[in-house]
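What TrEMBL records for this protein:
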ACT_SITE  Cys476  active site, nucleophile
BINDING   Cys350, Ser351, Ala352, Pro353, Gly354, Gly355, Lys356, Asp374, Asp419  S-adenosyl-L-methionine binding site
COMPBIAS  16-28  compositional bias 'Basic and acidic residues'
COMPBIAS  39-50  compositional bias 'Basic residues'
COMPBIAS  74-84  compositional bias 'Basic residues'
COMPBIAS  101-110  compositional bias 'Acidic residues'
COMPBIAS  118-141  compositional bias 'Acidic residues'
COMPBIAS  552-572  compositional bias 'Basic and acidic residues'
COMPBIAS  615-626  compositional bias 'Basic residues'
COMPBIAS  670-682  compositional bias 'Basic residues'
DOMAIN    258-546  domain 'SAM-dependent MTase RsmB/NOP-type'
REGION    1-141  region 'Disordered'
REGION    551-682  region 'Disordered'
Amino acid sequence: MAIVKKKKVSTTPKSTPKENGLKRKLEVEDAQEAETPKVVKKTPKKKPLKKQNGTAATPVVEVEATPSSENGPKKKKKKVVKKVKLFEEEEKAPKQKAQLIDEDDDEEEFNIGNLDIQGDDDDDDDLRDDYSDDEEDEDNLPIEKKSAALDKIKEKMLKEGEEELQLNIANQEKFELPTVEDIEAEMKSAPNLEIVRQRIADVIQVLGDFKARRDPNKSRLQYVEVLQKDLCSQFGYNEYLMAKFMDLFPNGVELLQFLEANDNPRPVTIRANSLKVKRRDLAKNLINRGMNVDPAAEWTKVGLVVYDSQVPVGATPEYLAGHYMIQGLNSLLPVMALAPQPGDRVLDMCSAPGGKTSHIASLMKNSGVLFANDANFDRCRAIIGNLHRLGVNNTVVCNLGGEEFGKIRPNGFDRILLDAPCSGTGVIWKDQSVKTSKDSQDVQRRHTMQRQLILSAMDALDANSPNGGYLVYSTCSVLVEENEAVVNFLLERRHCELVPTGLTIGVDGYTRFRDYRFHSSLSMTKRYYPHVHNIDGFFVAKIKKLSNAKMSKQEVLEKEREKQENKKKSQAEEDSSDDKKKPAKKAGKKSKEDSDSEDDDGTAPFKNVGSGARANKKRRNQKKAQAKQDSLKEDDGFNTVGNIKKARKVKEFKARVPKRAAARTGAKAVKNKRKKMLAKQQ
């Protein structure tokens with residue numbers, strides 16, 4: 001009897017490349033053997049299989065090949081028999097798939113992923129595997145059984161993946177912090193940016209969970225120094241600015257987002273000129289011109305974003321006709337906060353190149369008076385050109401220093417916009433030189449100039465204006481020294497207060513920042529960041545002037561208290577003096593009666609009797625003049641609104657000669673000259 005070898009058969013009937021090669025070899029050998037006659041005797045032998053579930057398994061038939069003659073090569077024939085046998089077994093294997101599964105259920109592991117799920121629904125036996133339950137399968141439909149089995153496999157795969165992930169995290173190498181000297185030596189040569197970027201990510205990860213991931217021998221300051229050096233080499237900033245930004249954004253992820261946003265340009269935006277066209281009509285015209293535009297944001301009614309354009313944005317007929325102005329969205333914010341009204345007297349203290357000025361004029365509907373000032377004469381030409389193109393005709397262009405307006409026009413404006421010169425740390429993408437050119441001295445100079453400008457602007461504002469008295473201060477910087485510190489300085493020096501800006505977007509300003517402690521009302525200011533709002537870094541504050549006094553709010557309150565106390569004292573003194581004067585008047589009456597009797601007697605001296613009205617009027621005028629001079633010397637800002645002390649003219653010497661004497665002397669001299677001349681002629 002031939003020995004039947006048990007062979008594990010895969011459930012998939014697909015043939016492998018080895019089997020394909022084996023088939024080709026068999027075909028070649030069969031062709032060679034066909035030339036020599038052979039007699040093959042087949043002896044089928046059946047072997048009964050074990051019963052399973054009460055049914056007998058089908059027998060396995062083995063085929064034996066015996067040579068017809070002994071002359072042929074034996075090795076070759078044996079090899080052929082084995083190959084044919086293997087090939088026949090693999091052909092029978094797919095047909096007996098279900099039988100083998102039932103037979104070798106305990107020996108082999110069945111994979112449900114290899115099942116043909118799209119088969120007939122009657123083959124429920126194929127769905128029974130290690131993940132299914134027989135009791136549940138009886139109640140569920142076949143499609144539910146398949147879905148449940150797949151869900152269980154998916155859960156198992158997810159669990160294994162999570163375990164593998166945790167194992168990888170546990171086996172991960174611990175980050176070793178290099179020293180500052182090593183990083184400085186690395187920066188002298190061309191640094192590998194990939195290594196620097198990976199080190200930045202590792203340090204930020206350690207600082208995020210410093211207690212658990214720190215190196216016991218390293219302090220937080222060392223990690224921060226390494227991070228600062230790497231960020232400077234990665235993004236190209238100097239150490240001063242990078243330290244300021246790290247203080248401003250203590251979260252490392254947010255700091256990276258801010259630095260990356262500074263390198264990316266903002267989208268091109270334009271402002272529709274409402275004096276000439278509506279935004280809807282302008283958008284239609286630009287789309288027909290070949291520009292792809294959309295409304296800029298929900299908070300503005302005049303802004304448009306230009307995604308792409310087939311024509312230059314600054315050379316279209318609409319631009320030349322003054323229908324729009326190329327302007328960033330951040331420059332719309334201070335004008336919206338100022339909210340000028342038609343008929344107001346408005347000053348734009350630093351107005352070049354005229355974008356915000358033209359926006360103010362459009363909101364005022366070309367009414368009232370608008371002063372556009374700039375200290376640079378060349379930039380004033382740009383203001384004039386833009387105002388002419390946009391159709392603005394209520395504006396006066398000035399070329400003065402901003403500090404002069406507090407002296408020239410004190411209390412002369414209803415609303416003032418001060419977009420102060422700054423370091424430009426919010427618009428780094430426009431000027432990359434800011435990364436290395438700004439230092440502490442430059443920021444301090446800007447801080448000093450901004451304080452002078454904001455004091456002058458507040459002095460030029462009229463607190464008694466019926467619908468005004470507002471100052472809007474804005475900068476294109478994100479540094480606290482140029483924003484909250486300047487506004488807090490103004491609150492300490494003048495009688496004013498912060499009011500809500502009326503803007504729906506923005507981050508609240510700082511009331512506490514490291515060593516700074518600001519007024520609590522500074523939370524009403526607004527900050528804008530490029531990585532949060534997709535506009536340039538900006539700051540906006542709106543301030544209302546409460547009185548024209550040149551002193552702080554606290555000093556004004558103390559002055560008012562003193563005035564009230566003095567008033568009360570004076571009233572009390574007047575009351576007491578009235579009480580004392582009443583008996584004195586009676587005595588006076590008696591004395592007058594006595595004097596009258598004396599006069600009657602003729603013993604009293606003679607007195608000039610008259611009304612004295614002219615002398616009393618002169619005395620009153622002298623008192624008024626003296627009081628006015630005293631008030632000019634001590635001007636507290638309450639009662640003398642707009643009074644300016646004028647310089648007195650220098651008195652010239654004039655000879656005072658009577659007119660008659662001058663005329664008489666002149667006529668006599670003429671006569672004498674004539675007489676002398678006549679005498680000489682005779």
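Backbone N, Cα and C define each Cβ position, glycine as well.
Automatic prediction, not curation, is the source of TrEMBL annotations.
Distribution of TrEMBL features across the structure.
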| residue | record | Cβ within 10 Å |
| --- | --- | --- |
| Cys350 | S-adenosyl-L-methionine binding site | 20 |
| Ala352 | S-adenosyl-L-methionine binding site | 22 |
| Gly354 | S-adenosyl-L-methionine binding site | 28 |
| Lys356 | S-adenosyl-L-methionine binding site | 26 |
| Asp419 | S-adenosyl-L-methionine binding site | 22 |
| Cys476 | active site, nucleophile | 23 |
S-adenosyl-L-methionine site shell beyond Cys350, Ser351, Ala352, Pro353, Gly354, Gly355, Lys356, Asp374, Asp419, criterion: Cβ within 8 Å of Cβ centroid: Asp348, Thr357, Ala372, Arg379, Ile383
Long-range neighbours of the compositional bias 'Basic residues' (670-682), counting only residues six or more past its ends (CB under 8 A): none
Pairwise Cα distance for Ala352 (S-adenosyl-L-methionine binding site)/Cys476 (active site, nucleophile) [Å, integer]: 14
Nearest-integer angstrom distance between the alpha carbons (Cα) of Lys356 (S-adenosyl-L-methionine binding site) and the residue listed as 'active site, nucleophile': 14
Residues Cys350, Ser351, Ala352, Pro353, Gly354, Gly355, Lys356, Asp374, Asp419 binding S-adenosyl-L-methionine per the record - widest CA separation, whole Å: 13
Which binding-site residues sit within 10 Å of Cys476 (active site, nucleophile) - Cα, from Cys350, Gly354, Asp419: Asp419
Residues of the compositional bias 'Basic residues' (670-682) by DSSP state, where helix covers H, G and I: 12 helix, 0 strand, 1 coil
